[in-house]
Every structure is written in C-alpha cells, then in structure tokens.
Amino acid sequence: LPPECTCTWTDWIDVYYPTANRNDGDYETFDRIESAIPSWECAKVENISCRATKFPSVSIEDLGQKVECSVQHGLICNNKDQTIGGVIPMPVCLNYEISVCCTPNLPECIPHSTPSTPGTTTTTPVPLPSTTTTTVPPPSSTTTVPPPSTTTTVRPPITTTPPVPSPSSTSTPV
C-alpha cells in the first residue's frame, strides 16, 4: 500500500455512558460512533486501544471487568457480565473510551472488487486480525489536569498483532 494509506490514530472517543441498569453497559461501538459523530470516517480499523476514563493508565486486563475490545466491533461491556470485585465494588461497567488506527478513506487504500470475466467479480481478501486487547502503557510521570483537557498524548499500544507503524506527529481530528 502507498505511504498515504498508513493508518492514523484517532483521539480518544467516548460516545456512551453506562447506567447502573443490569441490561445496560458501555458500548463504544463503530455504529454508535458513526451515529454520534456524523463526520467520523474510518475506512478500515487496523488497530484499537481501549481504556477506562477514570483509570487511563491501568490496562483493561487489570480492571477486573469482562469487556470486548476489538477491531471488528469497538468496545462492548455488558453490566450483566460483571461481578463484584476489581477496581469498583459494584457489578457495573466502568466508562470506557477507545482510540482506533484508521486507514484513510482513499480509493488506493481500500480493497476493492476487480471484474475478471463478465458477470463475475474477484474480491481481494484482506485478513482481519483476531480480537486483540491493546493497552496504553502508563506514562513515566503523571500530571493531573482538571477537565476539560484538550491535549492527549497517545502512545502506540502494546499489541499481539503484527507491528503497526507509529502514529504520525500530527493528530487527525475526529
């Protein structure tokens, strides 16, 4: 792929806030993000990082909650899947936010179908990584800034998928 097709990390996205209702949870899914932010465009999610808003430097594995953080769906946390324990003494989901590495929506970056013979098309398959959990390493020093903070430093996540180029120094607004 051409260099302009390198995925770019978004700012942290948080479009849903969980309630204590047993049938609720936190759903930072791509369809909810598209509904909440009409200008959001991500041709293909290549990587994802998920974190709890109240515990940004704690990896999601260490929070004691059952969550899905995947390039297929985004983040899904169901209150009914939680047990008492972990960082909060209640069986409800924390509020999470996600950052995704998006392939730009350019024709040369998107896999497409190529006609081979009339009436048939050949689709170029793109392997999807399996569901992975990625985390943001804790910063070496922490400065507490009262909200609203407009500056976010995103470090490349530690991942179990093949390495992804580091994000560029400019952040693409969502």
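Cβ from N, Cα, C; glycine included.
TrEMBL annotations:
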- 9-102: domain 'WxxW' (DOMAIN)
- 114-174: region 'Disordered' (REGION)
- 114-135: compositional bias 'Low complexity' (COMPBIAS)
- 136-149: compositional bias 'Pro residues' (COMPBIAS)
Secondary structure content of the domain 'WxxW' (9-102), with strand meaning DSSP E or B: 14 helix, 34 strand, 46 coil
Within the predicted model, mean pLDDT of the domain 'WxxW' (9-102): 95
